[in-house]
Amino acid sequence: MTSNPLWRFTGVRPAAWVFFAFLYVPIVVLVLLSFNSGQSATVWQGFSFSWYAQVWQDDGIVRAAKNSLIVASFAMLISTTVATLTALALNGRPLRGQDAVKSLIGLPLMVPEIVTAVATLMFFSFVSLELSLFTVLIAHVVFCIPFAYLPIHARLTTLDPRLREVAADLYASPWRSFWRVTFPLLLPGITAGAMLAFITSMDDFVITYFVAGAGATTLPVYIFGALKMGISPKINAISSIILSVSIVFVVLSYFVGKRKER
C-alpha cells in the first residue's frame with residue numbers, strides 16, 4: 001500500500017499512467033521506427049541499421065551535426081563560466097540591486113522564445129553583424145546562461161559558509177580556499193548547469209532558425225527543413241541520435257553529482 005495520499009483519490013493513478021504514456025510512447029515509437037528497413041516512417045517492415053548508416057554518409061547531416069556540436073560546446077563553456085562567476089558574486093556580501101540582477105538572469109526563461117529570437121535578430125541587424133555560426137553562438141550563450149545559473153546557484157546556497165571560515169582560520173588564502181573547499185563542493189552544480197546548457201543549445205530550433213546564416217545550419221534546423229519533404233526513417237534516426245546524446249549527458253550529470261556528494 002502506497003504512503004502517498006494522492007494515490008488514494010480515484011482516477012489519479014490512471015491519469016498519471018495516461019500522462020506518462022502520452023509523453024513517452026511517441027518517443028519510444030520514434031526510436032523503434034528509426035530501425036525500420038522500409039521507406040515508411042510509420043509502418044514497420046523489418047529491422048535494419050541502414051538509416052543510421054545513411055545518416056553518417058549524408059554530408060549535409062554531418063555538417064549540421066558538426067555545427068551543433070561546435071555551438072553547443074562553446075555555448076556550454078562560456079555560459080557556464082559566466083553563470084558560475086555570477087552566482088559566486090551574488091552569493092557573497094549583499095549588493096545593491098542584487099534582486100534585480102537575479103530577475104534579469106531568469107528573464108529569458110519567462111520570455112517567449114519567439115520574442116527572444118526576433119529581438120536577437122533585430123539586434124544583429126542594428127549592429128550590422130552578418131548572420132553566421134558566430135551569431136548563433138552569441139544567441140545561444142545568452143539564453144543558456146539562465147539554464148546554467150539555476151543549478152549552480154541552488155548548489156551554492158546549500159554550502160555551509162562555515163567551511164570557508166574554517167579554511168580562513170587555517171590560514172588558507174581566499175584563492176586557495178575557493179579551489180580546495182568551495183569549488184569541489186560546487187562542482188556537481190557546475191556540472192549540472194553545463195550539461196543543461198549543452199542540451200538546451202543542442203536542441204534549440206527557434207532562435208537558431210532566426211539568427212543562422214548561410215552554412216550555419218544545425219541539426220534541429222536541418223530536421224525542420226527535411227520534414228518539409230515528408231517524414232522518413234532517416235529523420236527518426238537523426239532524432240534518436242540527438243535523444244541519445246541528451247540522455248548520455250543527463251546520466252553523466254547524475255552520476256557526477258552522486259559521486260561528488262559522497
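Using the three backbone atoms N, Cα and C, a Cβ is placed for every residue, glycine included.
Since we're looking at a predicted model, the values are computed, not measured.
Per TrEMBL, the features are:
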- 65-253: domain 'ABC transmembrane type-1' (DOMAIN)
- 15-35: transmembrane segment (TRANSMEM)
- 69-92: transmembrane segment (TRANSMEM)
- 104-124: transmembrane segment (TRANSMEM)
- 131-152: transmembrane segment (TRANSMEM)
- 178-199: transmembrane segment (TRANSMEM)
- 206-225: transmembrane segment (TRANSMEM)
- 237-257: transmembrane segment (TRANSMEM)
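Most Cβ pairs under 8 Å to the transmembrane segment (131-152), among the stretches 15-35, 69-92, 104-124, 178-199, belong to 69-92. Counting Cβ pairs closer than 8 Å to the transmembrane segment (15-35), the top stretch among 69-92, 104-124, 237-257 is 237-257. For the transmembrane segment (69-92), the residues of the chain that approach it from at least six positions outside its boundaries are 98, 101-102, 105, 133, 136-137, 140-141, 144-149, 152-153, 156-157, 186, 190, 193-195, 197-198, 201-202, 218, judged by C-beta separation under 8 angstroms. Within its own chain, the transmembrane segment (206-225) is flanked in space by residues 60-61, 63-65, 67-68, 71, 113-114, 116-118, 120-121, 124, 130-133, 135-136, 138-140, 143, 235, 238-239, 242, which lie at least six positions past its ends and keep a Cβ under 8 Å from the stretch.
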